[in-house]
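Quick look at what Swiss-Prot lists:
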TOPO_DOM  1-6  topological domain 'Cytoplasmic'
TRANSMEM  7-27  transmembrane segment
TOPO_DOM  28-501  topological domain 'Lumenal'
ACT_SITE  HIS120  active site, nucleophile
CARBOHYD  ASN328  N-linked glycosylation site
CARBOHYD  ASN377  N-linked glycosylation site
ACT_SITE  ASP402  active site, proton donor
CARBOHYD  ASN488  N-linked glycosylation site
Amino acid sequence: MLLRNRFLLLLALAGLLAFLSLSLQFFSRWLPVSLQLKTEMQVFPEFPVRLIQVGQGREEGLGAKNRKRIMPEPLTEPPALNPLYEANLYCNTPGAKERSMEGHAPPNLKLLSVQVIIRHGDRYPLYTIPKTKRPDIDCVLEPGRKPSHPHLTDFISHMSKGVDTQMDGTLGSLPRLPNHILCEMGELTQTGVVQHLRNGQLLKEIYLKKHRLLTSAWTAKHLYFESTGKSRTLQSGLALLYSLLPNFDWKKINVKHQWSTIFCSNHCDCPMRNHYLEEEQRRQYNFRVKNSLLEKTYINMAKIVGIPTRQLRASNPIDSLLCNFCHNATFPCTKNGCIDLEHFKVIKTHQLEDEKERYEKQLYFKYALMATHPLLNQTANRMLRIAEGKKDELFALYSAHDVTLSPILSALGLREARFPRFAARLVFELWHDPEKANNHYVRVLYNGEDVTFQTSFCRDQLRSSKRPLCPLKKFSTFVQKDMFSSLNSTSYYDACHQRLF
């Protein structure tokens, strides 16, 4: 009798769960799209989900059903190439608390400096697909809208107070907050701001609270902040800085303007760098035209949109579609049909395969060595100065782009590193052994993962040693010598101006 009652109870619970599941999946289909997205995103606020549309509805009452199913993001990396998994990682949607290895070193070592290179956070597309409706994304910051952050309200308030700050060049004329109801092209979104508020909070817990890199008496000389001239990079850097140093004194902030996306400053004259970039672009073109499935996909998408295939390709549709994907917005529809998830998967898969071939051909690697040497040289020289006892620029922040970070990863020899996601961060730490005056070490971390021993300059270092750290000398030698030997040169100038024959 007892077993029978337990069976009936379990049966009733199963029925209730089934009813709730169906309600969660299908009740919101009668709501407006904007409310659908908000409802669905709040089902499990602490558990990131990706809403994949099963039947694409057409715009303007064309009558197709608009159902979605909930797919939990995988907790472990799938064994084979998975474009949706990779796209999820690229979106970097704020979710569960992130684990990181920043600041982890033997307890007897002292942290001397940290240099961080970031990619801006989530942004509105740089390109639109012709004859389609732009993604309906609001770039006005609203703390009550998800994703949000405990510091967001105070951050918004603090950004309106900085009349005394010093900003080079055109940076002073840029808005410090995204502020358009319908985002402008390339504008930072609220998601992008939150991503860097989270980055700053994480770095604060590690570097300020645990290692006391900057004390409460820090001054302008202890901080270095450089940004390109785009509002999305300036705003991303300010968001990270605010969470790192809440309610910072604007008088202590001096933002340097970098006109080049590769941060080459006064060393941008490099003909051979341009040559290898052109060769790499030629490789990309040849690889694309060999992909018959990709071409068929573009042809099909062009028919749906009603434009020539060449015009569709030129609009770089993956940029716009990634915005839809990352924000759980439906893909564009016209009277001829809808761009769907299969189109997206084909283009994203091609991107991933192109990255693999890029590594094999090594043209991009040669470009990367020359493109990144000025910035890596600045990074190494700052470490060497601090190792000698200087106390300036203990925390350096470069707010940049994917085209900044990607060649740095390549130049460092990080073969397994993924293409920089939104709000990606690359960190260089300098450590010192107080018991041995000349013992300085460097750690390299990418999105919280310790990749020091994946770099070409420290791959041969024994990780099983008592001190699993890479000597600073190895990094400085790499920058000052080894980068050029890979190019059959002895200096940056020679590498940039050598003849091909």
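The backbone N, Cα and C atoms fix where each Cβ goes, glycine too.
If you take the Cα of ASP402 (active site, proton donor) and the Cα of ASN328 (N-linked glycosylation site), they are about 22 angstrom apart, rounded to a whole number. Most other Cβ atoms within 10 A: among the glycosylation sites ASN328, ASN377, ASN488, that distinction falls to ASN328. When the Cα of ASN377 (N-linked glycosylation site) is compared against those of the recorded positions HIS120, ASN328, ASN488, the shortest separation belongs to ASN488. Across the structure, the residue listed as 'active site, nucleophile' and ASN328 (N-linked glycosylation site) place their CA atoms 20 angstrom apart. A gap of 49 Å separates the Cα atoms of ASN488 (N-linked glycosylation site) and ASN328 (N-linked glycosylation site).
For the residue listed as 'active site, proton donor', the Cβ neighbour count at a 10 Å cut-off comes to 16, with all displayed protein chains included. Mean pLDDT across the topological domain 'Cytoplasmic' (1-6) comes to 56 in this model.
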